């Protein structure tokens, strides 16, 4: 009898918790405009800001190809790789510091600090001649600046949208359109103006784009934090006490997702960094290699909008798993077996479609399993750990190709594909913690 009463009480308690969670859910989702002039201008501003962040990131292969053959021609590939691995590490790990600042103080001052470091580092890179100079200017200064900008540029869009968050973030992430014209610009201006003037022009464009972002973005941080207790400084210090939100790792879905993202980024960085130098081993001209990089970057632009829009319809996790599966298949079914120029272009197109979407779907997936006022911290925490994958990915990948032969590049491709396959497994495991093995479920 007592056991029956206990069972009834536990069910009532569970129902009460579920009802309270449902009320909290509806209260939170009701606070999002999900449209309107200010909301879409914010998306446009984030688009311009991300043109800088993703434009530099996706042009790494073109920059590396040039300096490896000119300023750093006497350095080993494994040494040069540290410039770009440090850039990616700082770019992604800085979010753990800027995430709490953005959550408490809002967007504007974070944007100013990020602009000064990101563009200042790029200007300095224009005048570098030695390896250590590239490490300081591009690897650290430009990378830290990009990392300061990344989280708030994504988070500020999430402040305005819930039902159409996937679409809104997909449109903002189309800022990587700059990854199409930056490589073309470099290819065109390097022989005409030289390296220094070309990089100065690129840095100046980035300054202009971030100024547009500053003007257009409308910050809702004050409105969303109105019920928070304590002063801003107290809330910020409290956030820094828990800067790495380790409590999030008590949630299986979050932990498995972060592991999957770590492996996914590991695989992506190897592919997008060494696809250009792969062409030189295959006898492809430097000019054609720049076109390959451009094609890869261009392929992902419409895909970001389409796949992020689909994620609102078929599920964010479902979309991410499809992206990871296609990425894995493309390594083994296209890049590895096809040696001719046609296969090279085919891989650039297919992989470009999915890898660009992988970046844009990630914040949507993390936001789905996070409270809005915790998104900045949880997203930054995830990418603080993911950043370590970026730190070691390029040096590890370069170990395969210190002797630049076709066989060694094939070994690198197999390794990158296997890493991506493991990422798919962990992302699927994260999904199963929420809906089990049900496949035809929106999640």
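Using N, Cα and C of the backbone, Cβ positions are placed for all residues, glycine too.
Annotations in TrEMBL come from automatic prediction, not curation.
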| query | Taking 11-33, 80-102 as the choices, which stretch does TrEMBL tie to transmembrane segment? | reply | 80-102
| task | When you get a sec, could you say which of 228-247, 288-307 is annotated transmembrane segment by TrEMBL? | result | 288-307
| field | Within-chain partners of the transmembrane segment (254-276) [C-beta distance under 8 Å, separation at least 6 from its ends] | value | 58, 60-62, 64-65, 81, 84-85, 88, 92, 248, 289-290, 292-293, 296, 324, 327, 331, 347-348, 351, 355, 358, 362, 365-366, 369, 378, 382-383, 385-386, 388-390, 392-394, 396-398, 401, 409, 412, 415-417, 419-420, 422-427, 429-430, 433
| note | Within the same chain, the residues 6 or more beyond the ends of the transmembrane segment (80-102) and with Cβ under 8 Å of it are 53, 57, 60, 64, 67-68, 72, 109-110, 114, 131, 134-135, 138-140, 142-144, 146-148, 150-152, 155-156, 221, 236, 239-240, 243-244, 265, 269, 273, 376-377, 379-381, 383-384, 386-388, 390-395, 397-398
| query | Apart from its near flanks, which chain residues at least 6 from the ends of the transmembrane segment (409-429) lie with a Cβ under 8 angstroms of it? | reply | 256-257, 259-264, 266-268, 270-271, 274, 278, 281, 317, 320-321, 324-325, 327-328, 331-332, 335-336, 397, 400-401
| message | If I count Cβ-Cβ pairs under 8 A between the transmembrane segment (39-68) and each of 131-154, 198-217, 288-307, 319-338, 344-367, which range comes out on top? | response | 198-217
